[in-house]
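Here is what TrEMBL says about this protein:
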ACT_SITE  Cys36  active site, proton acceptor
ACT_SITE  His83  active site, charge relay system
ACT_SITE  Glu127  active site, charge relay system
BINDING   His17, His42, His44  Zn(2+) binding site
Amino acid sequence: MERIAFITRVQSFSACHRLHSKSLSDEENRKIFGKCDNPNGHGHNYKVEVTVRGKIDRVTGMVMNLTDLKKHIEEAIMVPLDHKNLDEDVPYFADVVSTTENLAVFIWDSMEKLLPPSLLYEIKIYETDKNIVVYRGE
(Lines of atoms letter the chains of each structure in order from A and count residues from 1; the text may use other names and numbers.)
(Lines give C-alpha, C1' and ligand atoms only; values in the text may rest on other atoms or scores of the structure.)
Protein backbone atom coordinates (compact mmCIF):
# COMPACT_ATOMS: atom_id res chain seq x y z
CA MET A 1 0.00 0.00 0.00
CA GLU A 2 1.33 3.44 -0.95
CA ARG A 3 1.31 5.99 1.85
CA ILE A 4 0.67 9.70 1.28
CA ALA A 5 2.18 12.37 3.52
CA PHE A 6 2.17 16.15 3.77
CA ILE A 7 5.33 18.14 4.45
CA THR A 8 5.18 21.77 5.52
CA ARG A 9 8.11 24.13 5.70
CA VAL A 10 7.72 27.51 7.38
CA GLN A 11 9.55 30.62 6.17
CA SER A 12 9.35 34.23 7.34
CA PHE A 13 10.10 37.35 5.35
CA SER A 14 9.60 41.10 5.65
CA ALA A 15 8.19 43.32 2.92
CA CYS A 16 6.25 46.52 2.45
CA HIS A 17 3.43 47.40 0.07
CA ARG A 18 0.51 49.71 -0.56
CA LEU A 19 -2.99 48.43 -1.18
CA HIS A 20 -4.02 50.53 -4.15
CA SER A 21 -5.76 49.62 -7.39
CA LYS A 22 -4.99 51.56 -10.57
CA SER A 23 -8.54 50.67 -11.69
CA LEU A 24 -10.04 52.77 -8.89
CA SER A 25 -10.01 56.49 -8.10
CA ASP A 26 -7.98 57.76 -5.14
CA GLU A 27 -11.24 58.24 -3.25
CA GLU A 28 -12.42 54.69 -3.99
CA ASN A 29 -9.02 53.30 -2.94
CA ARG A 30 -9.16 55.19 0.36
CA LYS A 31 -12.71 53.96 0.97
CA ILE A 32 -11.87 50.29 0.24
CA PHE A 33 -8.34 49.98 1.62
CA GLY A 34 -8.36 52.64 4.36
CA LYS A 35 -5.03 53.16 6.11
CA CYS A 36 -3.50 50.36 3.98
CA ASP A 37 -3.70 52.79 1.01
CA ASN A 38 -1.10 55.06 2.66
CA PRO A 39 0.94 56.52 -0.25
CA ASN A 40 4.14 55.70 1.67
CA GLY A 41 3.08 52.08 2.15
CA HIS A 42 3.30 49.89 5.23
CA GLY A 43 5.14 46.71 6.14
CA HIS A 44 4.54 43.19 7.38
CA ASN A 45 6.55 40.35 8.81
CA TYR A 46 4.93 37.60 6.78
CA LYS A 47 5.03 33.93 7.74
CA VAL A 48 4.55 31.48 4.87
CA GLU A 49 3.83 27.77 5.15
CA VAL A 50 4.59 25.80 1.99
CA THR A 51 2.97 22.35 2.02
CA VAL A 52 3.70 19.56 -0.42
CA ARG A 53 1.76 16.30 -0.69
CA GLY A 54 2.98 13.06 -2.17
CA LYS A 55 3.80 9.41 -1.91
CA ILE A 56 6.39 8.36 0.63
CA ASP A 57 9.23 6.85 -1.37
CA ARG A 58 9.91 3.26 -0.23
CA VAL A 59 13.67 3.66 -0.65
CA THR A 60 14.30 7.14 0.81
CA GLY A 61 11.30 7.29 3.15
CA MET A 62 10.64 10.84 1.96
CA VAL A 63 7.99 12.67 -0.04
CA MET A 64 10.80 14.98 -1.11
CA ASN A 65 14.16 16.01 0.22
CA LEU A 66 13.70 18.91 2.66
CA THR A 67 17.00 20.38 1.51
CA ASP A 68 15.52 20.73 -1.97
CA LEU A 69 12.33 22.26 -0.61
CA LYS A 70 14.39 24.76 1.39
CA LYS A 71 16.34 25.73 -1.78
CA HIS A 72 13.14 26.19 -3.78
CA ILE A 73 11.63 28.38 -1.04
CA GLU A 74 14.76 30.50 -1.02
CA GLU A 75 14.52 30.99 -4.80
CA ALA A 76 10.73 31.47 -5.02
CA ILE A 77 10.10 33.51 -1.86
CA MET A 78 13.19 34.92 -0.18
CA VAL A 79 15.12 36.22 -3.18
CA PRO A 80 12.22 38.05 -4.88
CA LEU A 81 10.27 39.16 -1.77
CA ASP A 82 12.36 39.53 1.41
CA HIS A 83 13.05 43.16 2.38
CA LYS A 84 11.40 44.37 -0.81
CA ASN A 85 8.70 46.86 -1.70
CA LEU A 86 6.26 44.46 -3.37
CA ASP A 87 4.74 47.15 -5.59
CA GLU A 88 8.05 48.64 -6.75
CA ASP A 89 10.48 45.70 -6.70
CA VAL A 90 8.37 42.74 -7.86
CA PRO A 91 7.27 43.08 -11.52
CA TYR A 92 4.24 40.80 -10.95
CA PHE A 93 2.67 43.49 -8.74
CA ALA A 94 3.08 46.32 -11.26
CA ASP A 95 -0.52 45.72 -12.36
CA VAL A 96 -1.79 43.41 -9.60
CA VAL A 97 -2.89 44.72 -6.19
CA SER A 98 -0.44 43.37 -3.61
CA THR A 99 -3.04 41.81 -1.30
CA THR A 100 -2.08 38.72 0.65
CA GLU A 101 -4.41 36.71 -1.61
CA ASN A 102 -2.44 37.81 -4.68
CA LEU A 103 0.84 37.27 -2.84
CA ALA A 104 -0.24 33.66 -2.21
CA VAL A 105 -0.96 33.22 -5.94
CA PHE A 106 2.47 34.68 -6.80
CA ILE A 107 4.22 32.31 -4.38
CA TRP A 108 2.19 29.33 -5.66
CA ASP A 109 3.09 30.09 -9.28
CA SER A 110 6.78 30.57 -8.36
CA MET A 111 6.96 27.35 -6.33
CA GLU A 112 5.04 25.31 -8.90
CA LYS A 113 7.71 26.10 -11.52
CA LEU A 114 10.40 24.60 -9.28
CA LEU A 115 8.68 21.52 -7.83
CA PRO A 116 7.85 18.21 -9.52
CA PRO A 117 4.33 18.19 -11.04
CA SER A 118 1.38 17.82 -8.62
CA LEU A 119 3.56 17.97 -5.50
CA LEU A 120 2.60 21.46 -4.29
CA TYR A 121 -0.49 21.27 -2.06
CA GLU A 122 -0.92 24.58 -0.24
CA ILE A 123 0.46 28.04 0.41
CA LYS A 124 -0.62 29.57 3.72
CA ILE A 125 0.42 33.14 4.52
CA TYR A 126 0.11 34.81 7.89
CA GLU A 127 0.05 38.53 7.16
CA THR A 128 -0.55 39.06 10.88
CA ASP A 129 -1.43 36.68 13.71
CA LYS A 130 -5.09 37.30 12.89
CA ASN A 131 -5.06 37.60 9.06
CA ILE A 132 -4.30 34.36 7.23
CA VAL A 133 -4.72 33.43 3.56
CA VAL A 134 -4.74 29.87 2.19
CA TYR A 135 -4.31 29.14 -1.52
CA ARG A 136 -4.38 25.71 -3.17
CA GLY A 137 -3.93 26.56 -6.82
CA GLU A 138 -7.57 26.99 -7.76
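Glycine residues also receive a Cβ, built from the backbone N, Cα and C atoms like all the rest.
Known features from TrEMBL, placed on the structure.
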residue: His17; record: Zn(2+) binding site; Cβ contacts under 8 Å, 6 or more apart: Gly41, His42, Gly43, His44, Asn85, Leu86, Asp87, Phe93, Ser98
residue: Cys36; record: active site, proton acceptor; Cβ contacts under 8 Å, 6 or more apart: Arg18, Leu19, His42
residue: His83; record: active site, charge relay system; Cβ contacts under 8 Å, 6 or more apart: Phe13, Ser14, Ala15
residue: Glu127; record: active site, charge relay system; Cβ contacts under 8 Å, 6 or more apart: His44, Tyr46, Thr100, Val133
Inset, instruction - Go through His42, His44, our binding-site residues, and report the one whose Cβ sees the most other Cβ atoms within 10 Å. - result: His44
Legend entry - Near-site residues: Zn(2+), ref His17, His42, His44, CB cutoff 8 A to centroid: Ala15, Cys16, Arg18, Cys36, Gly41, Gly43, Leu86, Ser98
